[in-house]
Amino acid sequence: MENQKMPISSVPILKDLSRPIANFPPSIWGDRFINYTCQDENERAQKERQVEELKEQVRRELAATVDKPLQQQNIIDATQRLGIAYHFENEIEESLEHIYLHTYVENTCFEGSDDLYSVALWFRLLRQNGYRVSCDVFNKFRDNEGNFKNNLMEDAKGLLELYEATHLSVHGEEMLDDALEFTKTRLESVVSHLNYPLAEQVRHALYQPLHKGLPRLEAVYFFRIYEAHASHNKALLKLAKLDFNLLQSFHKKELSDIARWWKSLDFATKVPFARDRLVEGYFWVLGVYFEPQYSLARKIIIKVFTMISTIDDIYDAYGTVDELKLFTEAIRRWDVGSLDQLPEYMKPCYKSILEVYNEIEEEMDNQGSLFRMHYAKEVMKKLVEGYMDEAKWCHEKYVPTFEEYMSVALVTSGYTFLTTMSYLGMGEIASKEAFDWLFSHPPVIEASESVGRLMDDMRSHKFERERGHVASGIECYMKQYSVTEEEAYDEFCKRLVKAWKDINEECLRPYHVPKPLLMRILNLTRVIDVIYKNEDGYTHVKKAMKDNIASLLIDPMIV
């Protein structure tokens, strides 16, 4: 049955249809990123030599702090915040293991163990690197009634570090929930009285907590903060700036290659109703992994990302139900012969999907990882079937219960799809067992999907309601529970808190899959927090998104 083809005569001839066209804004970038001038080879080689020399210097300095936990923690923190921790993964792992064993397992006091900043930094570094340390370490900063002591009120630096640490909380840690409320309220009240750079750090953290930010983007912000501290490590800062510029050139070359491929497809002409968001998509992918060793992985996922963005718009911004049934069936068949069954406007997209997957399949075959293609195809089929369900709801003007909506909307968030595709180019670490784990829909995946869906609905439901889109989660929740929009928002915010705690829990040891695979899920979730913080920054590209893209792909660091 699966390989039978619908006769051509059954393809409906549809004229003068009322289509749900969204009138998405065009790309703001034009051909800006197509042309890339390669850096002078001698100049690049010289910078690479400098980077290697500075890396050795930083390694020596890190090794010299082995018996100075606080100093060691500060170097590790700076290295991670400046975006160069990928050069020192083994050294950082060994250092944190040493700190964990000597200060937590053996309960040995360390310099600064009675200082809020030092303890909060210790807690955050260990938690964000997977160590299951207890929040009871903060008991010493609370009075007999369980409130945080009054003498902390003036310790803005310590409060800021505690605030950052609270974002790594898991379920059952009411102390950290209280600490978040306490530190947030206090920092908001004192920020206008602080001096630079602490004032800037507090403002930024209140807007974008470190744990939910994109590492590469947070590094851009942290450069100027770190440099403003008189005690900053000059070798570390220079290394970070040189490395940033080298990587930026590398990313611009990648984007240039992808942009030429994208232009050759001519989707702007062939599928003009869809969002043209290649550059924004590449920014999204950089949020998932920016490190040079993931170049192949980025090239795979960005091509698939552009395809799925276009398919999404075919389903909810142009296609009729009858046309979409044909496309859904064509994806199920996964056969070039299905092209003849599709309306003309669908053919370029379907043909391109098959071509992209064939490219990926060839690469996987070369790596001896052909088994991955089964997962890549299955997750695409499931996503498209979810789009079809939503299209039927929209056509029928059906408002599902919130639970029914979420059962489909978690799939159409695209985050299981993107996670699956993000694993394809990651080498041997992405084993069959890892894909089976992913397809078992573990809590961390459901939590990531929830963040994606809830934040998307909160930021885009008004625009989508105006253009006749399927009812969003906000509308479904309001109708089912007879609540106001504000009350629905409050419930969504509570669910977001729960989802982040689920993610934090899954990122603690022992890991179910290797940590690099978990990091893709965490980073995909972070992308949503950044792009959808105040608006749908992917669909409607405004100043915040433009500035973020410019900081990663246009503006170099001054060394």
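Start at 1 and count along the chain as shown; that gives each residue its number.
Glycine residues also receive a Cβ, built from the backbone N, Cα and C atoms like all the rest.
Per Swiss-Prot, the range carrying the annotation motif 'DDXXD motif' out of 192-196, 232-236, 312-316 is 312-316.
Predicted-model confidence for the motif 'DDXXD motif' (312-316) is 96, expressed as mean pLDDT. Considering only the binding-site residues ASP312, ASP316, the Cβ with the fewest other Cβ atoms within 10 Å is that of ASP312. Note on the motif 'DDXXD motif' (312-316): DSSP counts are 5 helix, 0 strand, 0 coil.
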